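Pulled from TrEMBL, these are the features on record:
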type: DOMAIN; residues: 9-226; note: domain 'ATP-grasp'
type: BINDING; residues: Lys45, Gly52, Arg53, Gly54, Glu98, Val101, Glu106; note: ATP binding site
type: BINDING; residues: Asn198, Asp212; note: Mg(2+) binding site
type: BINDING; residues: Asn263, Gly320, Ile321, Met322; note: substrate binding site
Amino acid sequence: MNIHEYQAKEILNAYDIPVPRGRVALTSDQVERAAKMMGGRCVVKAQIYAGGRGKAGGVQLVHHPEQAQELGKELFGRRLVTPQTGPEGLKVRRILVEEAVEISREFYLSITLDRNSSRYCLIASAEGGVEIEEVARRSPEKIHKLTVDPFTGLRPFQARKIALALGLAGGICEDCVQLILNLYKLCQEKDCSLVEINPLVVTKAGWLLAMDAKINFDDNALFRHLEYPDMLDYSQLDPLEITASKFDLSYIKLQGSIGCMVNGAGLAMATLDVLKEFGGEPANFLDVGGGATREKVAEAFKIILQDPDVRGVFVNIFGGIMRCDVIAHGIIEAASEVNCTLPIVVRMDGSQVEEGKQLLAGSGLNVQTADSLGDGAARIVAMLG
Ligand code: GDP
Ligand code: MN
């Protein structure tokens, strides 16, 4: 789960990690007032669930409150497109106004889950800032990594090693050690899958400051933090994703034209691969999970049909826990309810498969059934012509 930069900074602050003074604004008048509070010269930062805002004009230094207000007017209601948002961008509904800081050096610092070692991994670089992806590509030796043993936790000597690798010395090095230890504590206690400070800066006045912050919470730990769902900004999510999560379905939007309904993440991956192999482009995939009911299948099907990019639907379900006749009933119910005339290919296998196929054949829908994954993929691609 994602949260905004300003929310991430509130959490950093609670763990004694210094952040710039700032205010969140919901209107351009509030941007102006916040800018006055910061003394006129300030940084205006669009809050979206994506990075790369700086280069897209979403982070700008302004010199007067009126200038801040003008920029606020321009940013609110705009969809900000960055390399991390996809072509449609994300709507700006909140703006963070912060005191401007004179930066002397910019570092990169993050803690993330390393899925290979199943451990938290600390990543740091003395060349932080908006070019970090480029640094990682061109000079990977400038990125320092350290995995943390969950039994011992992050030890001060390890944090010091990282601070020294960043080229820090003396008092500020010790400040950085404490900051890294605090960040690790936060990461663990808040069940984060990512905490990233980019840039972590040394100011001209000689202080360490987290200028940007990104936090992702581990979705599997949400039940331990009942306050997290209230932090969500729904304007940043795909409305279909929100509907899907209400029905406990996982929906992922993609760029093509074929809607995919599958059961199980592994089967979803295989389905996308085989579709591509046959020249099809998935518009999305919706995982109904194991043991779904007829109603759940119907909801899933309706969600897929609401995606305006969908020109055909490919259902690939391995019955076993799920019965194929239940799936067929769900599809027929949903497709009839929304008068769906789009081509549909259903590949199912497992219990009651013949009953399922007969139901579909007699449904009057524009539907074909398939016996194998490859056969199904070929059919839906052919039906779309
Ligand atoms: P991102 O592009 O989405 O990662 O947004 P950031 O919050 O990292 O802002 C982009 C860049 O703007 C930072 O890397 C800094 O170099 C710069 N920046 C942000 N705030 C300030 C500030 O107060 N003073 C100065 N001089 N630069 C800033
Ligand atoms: Mn940044």
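The backbone N, Cα and C atoms fix where each Cβ goes, and this holds for glycine too.
Of the chain residues outside the substrate site list Asn263, Gly320, Ile321, Met322, Gly264, Gly290, Gly291, Ala292, Ile317, Phe318, Gly319, Arg323, Gly350 have their Cβ within 8 Å of the site's Cβ mean position.
Summary: among the binding-site residues (Val101, Ile321, Met322), the fewest other C-beta atoms within 10 A of the C-beta are counted at Ile321. Taking the Cβ of Glu98 (ATP binding site) as centre and 10 Å as the limit, one finds 22 other Cβ atoms among all the protein chains shown. Annotated pair Lys45 (ATP binding site) and Asp212 (Mg(2+) binding site), C-alpha to C-alpha distance, rounded: 10 Å.
It is 8 Å from the Cα atom of Asn198 (Mg(2+) binding site) to that of Glu106 (ATP binding site). Listed in sequence order, Gly290, Gly350, Ser351 are the same-chain residues at least 6 apart in sequence whose CB falls under 8 Å from the CB of Gly320 (substrate binding site). A strand conformation is recorded for Asn198 (Mg(2+) binding site) in the three-state DSSP classification. Among the binding-site residues Asp212, Asn263, Met322, the residue whose Cα lies closest in space to that of Glu98 (ATP binding site) is Asp212. DSSP assigns Glu98 (ATP binding site) to a strand.
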